[in-house]
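Student: Annotations for this protein, taken from TrEMBL, read as follows:
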- 592-628: region 'Disordered' (REGION)
- 15-34: transmembrane segment (TRANSMEM)
- 55-73: transmembrane segment (TRANSMEM)
- 85-108: transmembrane segment (TRANSMEM)
- 129-154: transmembrane segment (TRANSMEM)
- 160-178: transmembrane segment (TRANSMEM)
- 190-209: transmembrane segment (TRANSMEM)
- 241-259: transmembrane segment (TRANSMEM)
- 280-303: transmembrane segment (TRANSMEM)
- 384-406: transmembrane segment (TRANSMEM)
- 412-434: transmembrane segment (TRANSMEM)
- 441-463: transmembrane segment (TRANSMEM)
- 517-541: transmembrane segment (TRANSMEM)
Amino acid sequence: MASKLELRVFSGVDYTVFACVLLISCGIGIYHALSGGRQKTSGEFLLANRNMNPVPVAVSLVASFISAITFLGTPAENYLNGCMFWLYGFAYSITGVITSRTFIPLFFRLNITSAFEYLELRFNKVLRICGMLTFFLQMIIYMGIVIYAPALALSAVTGLHLWGSVVAIGLVCTFYTTIGGMKAVLWTDVFQVTIMISGFLALIIAGSMRMGGIGKVWEVAEAGGRIDFFNFDPDPTVRHTFWSVVIGGTFTWSAVYCVNQAQVQRYLTCGREPVAQFALFLAVVGMVIVVSLACLAGLVMYANYAGCDPFTLGYVDSSDQLVPYFLMDLFHESPGLPGLLVSAVFSAALSTVSSGLNSLAAVTGEDIVKTISPDIEEEKYTKITKALAAGYGILCIGMAFVASLLGDVLQAALSIFGMIGGPLLGLFSLGIFFPWANSKGALTGLICGLVFSFWIGIGAQFYPPPNPNKPLLSIDNCPNVTEASLNATFYMTTELPYTMAKEPERPHVAQLYAVSYAWYSAIAWLTVIGTGLIASFATGYTEPSEVDPRLLCPVVDAMYCCLPEKWKGPLRCGAKKYEPGDDQEKVVTMKETEEYKSEQDGQGAFSQVVTDGDPPAYDEAVDQLTKL
């Protein structure tokens, strides 16, 4: 194994390959800025004119939230703690079913651009603004992590200045997102995910060949206690168990794929509900493949370093640098290949940040700009949304400094999803599944959910929950390791537990902070639902029959469609059944606004139609009226 100093070298070929990857991403943005409608309308800039093919949308859904975090964090997680993280594949599948059956139909039914428009329709404008601000907080912090993670990787293996890398990532991403809009975001995601998967495959294949095959890798990992899928411990303080990963993970990823604006916006680019559902199905398959490759890469890395752990030796400063270290260890004698594979980490970050910038611009435009100036000209509005995307890009570069203080990038990212995404999922769920909820209850629930989840999350920073790693790897087989290094390592591994035992006794409340981060989202969701319903009933609950059925999605209709109607009726708890025809009734309002005149051919016509719905439904209604 090469030494630490030998690995911190990029050749001229590596830099050239790396630069080419960045130029291709920028080129995709320039192409979409000059082709088609040239991003002159908000519909094209934010929603790609709602006519995207489901395949690039599916790839973008995969890239948006499991990119750089997956590339760096998941293999390191498997290296240190075993492959329980692999079970997130089940959580992805469950999340896909919930999203496609409940949330996607609702958003297409309402034909909205910002997901938070729903909150105003269901409750009031105050809830819309609160939901929007919660989303802002989540995305700004999260994108700071995503920008910082690959910059950390680059600094570890190339010697580039950490903050110079942060600025480079932020500026490149901001450039092509601002000029190319949603189409550029989607197609750069396809390019970048291709590089990311190629990177995983290269690590797995080359690392396995060094060990003598994947069978040998599995054998070494099993001997080291890294193969463990059957931990059914119900204790919520255990970091990863079957229950925390599958059930807690379902809530965590539902907060991402059900209600996060970045994902909702991608569904809407498909134009039609069945196309969006198909794209999500492909995305679930892609997410399972990516997490499998990431976990397998971690096991291969473990097998290679089972006798010479670079983390114990101090060759890397944090677990997030293990993957780039392994990458350079395998390919440092192959000019160009390290540059391509480090670009995989870089590209993964670009895909996530670009989707976040576009979604933040959409939410700000729809929920703030159009609220202040509802009659704003389309051309001016489009320019404002582009400026917003650029501004958020600069802001996220600054947030990368905050991310540098959060420690492990994988756990930090998923904790943010739980602490902020969980309450947001609870707010939408309160409106969609519980017809009794009113605006006072929804606001109370959101505040309680955020306060409680931040209390736990911040408390865990002061009183970190115990997280005993699997048995550490040895350094017995390391070449050129001096006796002094071995003594230092022995001191570190034997004295550290003793030192930790001397820490002041933890207060009783710290037991609450010991709960696994995987449960954050589920806890927040339950808090919002529980306190929201209590407050709603205490302040005068909403009559279910008075709620517009377009704004509800009873679980019985979404998940138990085969039940007879006589059973489903009572299970709707008094809410009206949604019928597709309800949309048409809302779209076209005749009464006194319609004037009919007789023509020689006997066909009826109309002179004015008032609409409050979407253009496709309007056109359909027009066709029906002209046939009268």
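Backbone N, Cα and C atoms are what each Cβ position is placed from, and that goes for glycine too.
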Student: Using a Cβ-Cβ cut-off of under 8 Å, list the residues of the same chain that are 6+ residues beyond the ends of the transmembrane segment (85-108) and lie near it.
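Tutor: Same-chain contacts beyond the flanks: 74, 77-78, 115, 118, 229, 240, 242, 245-247, 249-250, 252-254, 256-259, 264, 267-268, 272-273, 276-277, 280-281, 283-284, 287-288, 291-292, 295, 428, 432-433, 550-551, 553, 555, 558-559.
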Student: Give the one range among 15-34, 241-259, 280-303, 441-463 whose Cβ atoms make the most pairs under 8 Å with those of the transmembrane segment (517-541).
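Tutor: Counting Cβ pairs under 8 Å, the winner is 441-463.
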Student: State the non-local partners of the transmembrane segment (15-34) in its own chain: residues 6+ outside its ends, Cβ under 8 Å from one of its Cβ atoms.
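Tutor: Contacts with the transmembrane segment (15-34): 168, 172, 175-177, 179-181, 183-184, 187-188, 191-192, 195, 336, 339-340, 342-343, 346-347, 350.
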Student: Can you tell me which of 190-209, 241-259, 280-303, 384-406, 441-463 gets the most C-beta pairs within less than 8 Å of the transmembrane segment (412-434)?
Tutor: 441-463
Student: Top stretch among 160-178, 190-209, 241-259, 441-463 for CB pairs under 8 A with the transmembrane segment (384-406)?
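Tutor: That would be 160-178.
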Student: What same-chain residues lie close to the transmembrane segment (190-209): Cβ under 8 Å, and 6 or more beyond its ends?
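Tutor: Cβ under 8 Å, 6 or more out: 21, 24-25, 28, 56, 59-60, 62-63, 67, 71, 75, 216-217, 286, 289-290, 293-294, 296-297, 300-301, 303-304, 323, 326-327, 330-331, 337, 340-341, 343-345, 347-348, 350-351.
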Student: Which sequence positions outside the transmembrane segment (441-463), separated from its termini by at least 6 residues, show Cβ-Cβ distances below 8 Å to it?
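Tutor: Counting only partners 6 or more residues beyond its ends, the transmembrane segment (441-463) has Cβ contacts under 8 Å with 119, 123, 126-127, 130-131, 134, 415, 418-420, 422-424, 426-427, 430-431, 506-507, 509-510, 512-515, 517, 520, 523-525, 527-539, 541.
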